[in-house]
Every structure is written in structure tokens, then in C-alpha cells.
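Under the heading domain 'ABC transmembrane type-1', TrEMBL lists 58-256, 334-522. For 20-41, 61-83, 95-118, 138-156, 193-215, 235-258, 282-313, 333-358, 370-392, 398-421, 463-484, 504-525, the entry in TrEMBL reads transmembrane segment.
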Amino acid sequence: MAQNSNKQGKTLGFNATRILLAAFFLVSVIIPVVALAARLVEPGALAVFSTPSFGAAVSNSIISAFIGMVLSVVLALAAALCLTRANVKHREVWVILLTLPMLIPSIAHGMGLVYLFGSSGIITTFLGLDWSIYGMQGIVMGALLYAFPPAFLMLYDALRYENCQVYDAADIMGIPKISQFFRITVPFMTKPLISAMFASFTLIVTDYGVPIMVGGKSTTLSVLMYQEVIGRLNFDAGIAVGIVLLIPAIAAFIADLLTSSDGNLGFSVYPKRIEKNAGRDVLSYVILVVLALFLASPLVAFAIVAFVVKYPINMTFTLANIDRAMVFGMASYLINSLIIAVAVSIIGSALSWIAAYVSARTPGRFGKALHLACITTMAIPGIVLGLTYMMFFKGSVIYGTIGILVLVNLVHFFASPYLMARNALGKLDSSLESVGQTLGVPRVRMILDVLLPQTKETIVEMAGFYFVNCMVTISAVAFLANVSHMPLALLISDFDTQMLVECAALVSIVIFITNVVAKILFALIKKFALHKEATTA
């Protein structure tokens, strides 16, 4: 009798967890998005589709996103091939250098390009160039800075886990290298390339940070949405543009679902033997150096501009900009960002892990439905999610507080940490729970004593992902932040609007340094966890 009572209690607790997860996604994702879509029938929302500005914004968005996508994916594939198919030393260092732009907000990318290539830019002045960064060319350059790192990581990861025995067989058969590339590498990379292309296109078309800084008269959909909501308080028009921005994101989501597979899981990965070839290695180093210099150039510009008296009039070194930024509240906004990032890292990692456990370790329709709900967050751009929350939660107890900033960031970045946890849990023996139940071990003890220790490295990576992205995001919080709870990244545009470009550059440097320190701390935590596991084994 007591055993049945305990079993019923455990089942009740697990069912309560599932109900809470379902309620969370209903309130935070499904109902707000449906409510936003329902407002599309408003006359003011439909009217925006017939305006010339909307047509121009659609055209500019498609053109810039397509060109940026092609450049990002092609260069990302080239960089990934250089690191996996050539004798390049210190690969880990190159990966860090090629992903540095991920540590600063997208608006900072555009601002860095202005410092470098504007009418009084560092490079244009030094070389005497008569060239404008503003317009489509600026958007594409900024898009490359923004979209290259994620595309590179996707393709590099795919190439690292390619089983390369087939290349040895091709060498024995005398098949030329160029034929091997098109007949072996390209077919293997088809799905990762499609995923990278859709991801890059969506990132570019839904970002407003870069085009608002360097777009000039070339207005994109995301900028048009921002202008309608913030500048004109035309919420109906903003909703209409937001719904349109969902289309490429949903298309990318569907494409990712169709192309995702287990890949080589279950097969041993045979590393490729890299033959000596001096010409190939030199070319690889040249490509990597050029890419690294381009990607790091905005950071170099920030380091210069942040410590001059008045850019570009007086380039004398000074530390006075630190005091100026502090007067405008940089320290308090940094604290806001840290509070948001830490809260989202802790709450988000816990919630992502629990959701991954329920979907991966419990069979049935609920697990599949929960999995779909978790990854659906990938299909909602940050700027659309922010507008959705502004319309849905307005007047609620959470609106206007730091809590809504925590919630919107948690939902915005939920999918990737969730998939990390789900993949990690999926690699563990699926019969552990059954064995534990047979032996009378409670589910909670199985989670605490077995599953959590086995996935602690992944949990650290999840927390790091949440933290860094919360520090750099602007799109998800632009419509929700107020003066008292504004995150630091939004201060960049405020300083730029007030022509305090030196302070704006300083804020970008502070965000970059904060993320670097955070990455180091998370790496040390992960190393400590590995060391502790090795000593107790």
C-alpha cells in the first residue's frame, strides 16, 4: 500500500512538471504570438503593405540578406576547410579569432564600420579614399561580420566529424582532389550548408543593429519596424512588419527540421590524413589572417576611438571618456546586464535541462509536442518577440520590470541550450530510468546522482551560451527596456544618437571584455568539473 502511494506521488510530481512546462510555453510563446497575429486584421496593419516604404524595405532586406548570406557561407566554408584540410597550427586560437564578433552587439558591428570606413573613418582618411560606407554596401559588410561566425561554427563542426576513410579510398583509386571535393565533400556538406544558408539569411534579414547604423537611405524591414514602433508609435504597422519578418524565420526553422539528422552518430569518426603541401598551407594561412583581421577590425577601431579626446577632430589619448560614460550611468547599466545575464543563465539552464529531460527521456506524444514547442522559439526573431511581449504583457505585473527582460531573453535563446541538453541526454543509456525503477531508485535520485553529473559539461556550456547572448542582444529588449532597467548594449545607440561616439566605443569594449572574462570563467568551471570527475573516477 505504501509503495503504491509513493509511486502515485512520484507520478503526480512528474505530471505536475509536465503541466508547468506546457503552461510556460503557452504563456510565453504560443498565446502571445497568436495574439500578435490576430491583430494583423487591423486596418492600420494592413495599410502598411501598400506603402512605398514597405516595398523598398522588402527589396533591400532580400538583396542585402542574400548577398550577405552567400558571402558569409562561402567564406565560412573556406575557413572551415582551411582548419580541417590543411596543416594549420593552433586551430583553437583561430576558432576564437574567427568568432570574436559574437562577443559584441550587432549595432557595434555597424558602428565599427563607420569608425573605419565613414567619411572621416580611420581607414578612409589614412588611404585617402572617397567612398561611403552608408547604403547597401555597408549593410552587406556588417551582415558579414554578424553572420559569418555562426555559419563558420556550423560548417567547421560538420567537417570535424566527417568520417574520412572514403578519402583514403579515393586517393588509392587515383581520384583527383578537386573531384573528391565535389563528389565527396559537397554531398556530405549539403545539409550543413543548407542549414547555414537559412540561418545566415534569417540572422541578416531580422537584424536592425547593422542597418540602422550604416544603412543610410536603404531601409530594411527590421529598421522599418523599429522606426514605426519607436519613432512613430505606429504599433499596427510594426505588427504587420513583424509578421512578415516571421516568414524567413519560419522557413529557416522548417528547413532545419527537414535537413537535421543524426549524421554520423553511432559511427566511429576517422580523421583525415593531411598530406604535406606548402602551397595549400600558405594559402590557408593567408585566408585565415585576412578573415581574422577583417573580423577584428571593429574591435581595433573601438580601442582607438574609446580613448581619444574627440573623434575624428582630436585624436589625443585620454581616459576622460571613462568618467563621461560613468556619469551617464554605464556602471548601473552594466549591473543591469549582469543581473539579466546571470539570472537567464541559471534559470534558463535549469529550465532547458528539465525540458530536454522530459522530451528526450520520456516517450509519448507529450515529449514530441514539448520538443516541437522548445525548438519553435528558433522561428521567432528577437525583434518580433520583443514587440510581441510589449503588446501582450503591457499592464501586467511583470511589464516594465527587469523580470520581463529576463523572460524575453530566456525564451529568445532557449532553443540552442535545450538542444545541447537533449543531445547530451540522448547519448546516455535509455534504460537507466527503467533499471532505477526496477531497483526502487526514485527518479529524482537518478537525475541528481547519474544524469546531472554526466551532463555537467553541457550545463556549463548552456549557461555560457545564455550569458554571452544576453550581454550582446539588442533586438529582443529594445521595445521592453526602460531607463531604470536598460541593459548596457542599448546604451550604444543612445550615446551614438547624442554624438558621444567615444563613449559608445567604450561601451562596446566593456561588453567585449565582460564576455571574454565570462568565457574564461566558464572554461575554468568546465575544466574544474572535468578534473574533479577524473580524480573521483
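Every residue, even glycine, has its Cβ placed from backbone N, Cα and C.
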Any contact, the transmembrane segment (235-258) to the transmembrane segment (20-41), with at least 3 Cβ pairs under 8 A: yes
Selected stretch (most C-beta pairs under 8 A with the transmembrane segment (95-118)) from 20-41, 282-313, 370-392, 398-421, 463-484: 282-313
Result, the transmembrane segment (282-313) in contact with the transmembrane segment (138-156) (3+ CB pairs under 8 Å): yes
Touch test for the transmembrane segment (370-392) and the transmembrane segment (463-484), at least 3 Cβ pairs under 8 Å: yes
Candidate ranges 61-83, 193-215, 282-313, 333-358, 463-484 - greatest C-beta contact count to the transmembrane segment (20-41) (under 8 angstroms): 333-358
Chain residues in Cβ proximity to the transmembrane segment (333-358) (below 8 Å; excluding those fewer than six residues from its ends, i.e. six or more beyond): 17-18, 21, 24, 366-367, 370, 374, 402, 405-406, 409-410, 413-414, 417-422, 424-425, 447, 451-452, 455, 459, 462-464, 466-468, 470-471, 485-491, 510-511, 514, 518
Segment proximity, the transmembrane segment (463-484) to the transmembrane segment (193-215), 3 or more C-beta pairs under 8 Å: yes
Region pair the transmembrane segment (282-313) / the transmembrane segment (504-525), three or more CB pairs under 8 Å: yes
